[in-house]
Amino acid sequence: MRLALSLVTVFFGISLANLEVGFYSNTCPQAESIVKRVVSGAALSDPNLPAILLRLHFHDCFVEGCDGSILVNNGAISEKNAFGHEGVRGFEIVEAVKAELEAACPGVVSCSDIVALAARDAISLANGPAYEVPTGRRDGRVSNMSLAKDMPEVSDSIEILKAKFMQKGLNAKDLVLLSAAHTIGTTACFFMSKRLYDFLPGGQPDPTINPTFLPELTTQCPQNGDINVRLPIDRFSERLFDKQILQNIKDGFAVLQTDAGLYEDVTTRQVVDSYLGMLNPFFGPTFESDFVKAIVKMGKIGVKTGFKGEIRRVCSAFN
C-alpha cells in the first residue's frame with residue numbers, strides 16, 4: 001500500500017524527473033542571459049510585469065504540470081480561456097524570449113523553461129530573492145480549458161485550498177509561501193464583490209476585514225461599480241517583493257479572501273506567524289529562503305523530460 005501511495009505521489013504530485021541547474025550550459029549557454037535581458041527590458045515599460053510573469057508560472061504549473069500548456073492558442077478549447085486563468089497575461093513576453101532563443105539556439109530551449117526562468121528574473125526585479133532554476137522541462141502536447149477546472153479560486157475555503165495544493169504535492173507551508181507571492185501585483189474589483197457586499201446574509205462584508213480597512217476597499221470597489229478597476233493586493237508595498245503581505249494577513253488587511261483565510265486555519269496561521277515578530281529572521285525561518293524552496297518545488301510539478309513532450313518552435317502552437 002505504501003508503495004502504491006508513493007507511485008501516486010510521483011505521477012500526480014511533484015515529479016521526480018531529472019531537472020538540473022545549468023541544463024543548457026553546453027547546448028545554449030546564453031539561454032538564461034537572453035531571458036533576463038528580454039524580461040528586464042520589458043519591465044521598463046510595464047512595472048507590473050514581475051507580478052504578471054510570476055502569476056503565469058503558477059497558473060502554468062497547476063494545470064498539466066509545468067509544461068507550457070497555458071501558452072498554447074489552439075482555438076476555443078485553449079487552456080488559457082479557462083475561467084480559472086482569468087486575467088493571466090505575459091504571453092507576448094514569453095514569445096519574445098522564445099524568438100530570440102530560436103535565433104540563437106534553434107529547437108533547444110523549451111517554452112516551459114522560459115516561463116520558470118522569467119518568473120525567477122521577475123522576482124529579482126521586484127527586489128526579491130535570487131535563486132537558481134533547475135531546467136530541462138519539455139513542452140506538453142495538450143492544452144484544453146476543461147483541464148483547468150480545479151484551479152485555486154479566490155472563493156475557495158482554506159480546506160479546499162489545502163486539498164488542491166496537496167493534490168499537486170504541496171503542503172500547507174507551501175500554500176502560505178506561494179500565496180505570499182501576492183506581495184506584488186493587483187487584483188480586479190470583480191474578485192472583491194462577494195467579499196465586500198455578499199459575504200454574509202443581508203449583504204454583509206467578510207468580518208475578518210479590519211474595520212479601518214473596509215472603507216478603503218469599498219471606496220476603491222464600490223457596489224455596482226466598475227468591476228475592472230484594479231487595486232494592490234499588498235496594501236503597503238505592491239511592487240516590492242517582501243513579507244509585508246503576511247503582516248497584512250495577520251492584521252486583517254488582506255485584500256483577497258483566500259489570503260485572509262490563511263489566518264483562520266491553525267496550521268497555516270502558525271506558518272504565517274513563524275515569519276513575523278522581532279526575533280525573526282534571527283531565530284526563525286527566513287521568508288525569502290523558504291519562498292525559494294517553495295517555488296522551486298512548485299516548478300517541478302508534473303514536468304516532462306527526456307523523450308516526453310517536445311520543444312516548441314513557437315510557444316503558442318504545437319509543432
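Cβ coordinates come from backbone N, Cα and C, glycine included.
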Recorded disulfide counterpart of CYS105 (TrEMBL; options CYS28, CYS61, CYS66): CYS28
Cysteine of CYS66, CYS111, CYS189 paired with CYS315 via disulfide, per TrEMBL: CYS111
Candidates CYS66, CYS221 - disulfide partner of CYS189 as recorded in TrEMBL: CYS221
Cβ neighbour count within 10 Å of ASP60 (Ca(2+) 1 binding site): 29
Neighbours of CYS315 (disulfide bond) among the recorded positions VAL63, CYS189, CYS221, ASP242 (Cα to Cα, within 10 Å): none
Among CYS66, CYS105, CYS315, the one of these disulfide-bonded residues whose Cβ has the fewest neighbouring Cβ atoms within 10 Å: CYS105
Ca(2+) 2 site, defined by THR183, ASP234, ASP242: further same-chain residues with Cβ within 8 Å of the Cβ centre: ALA180, HIS182, ILE184, PHE236, SER237, GLU238, LEU240, PHE241, LYS243, GLN244, ILE245
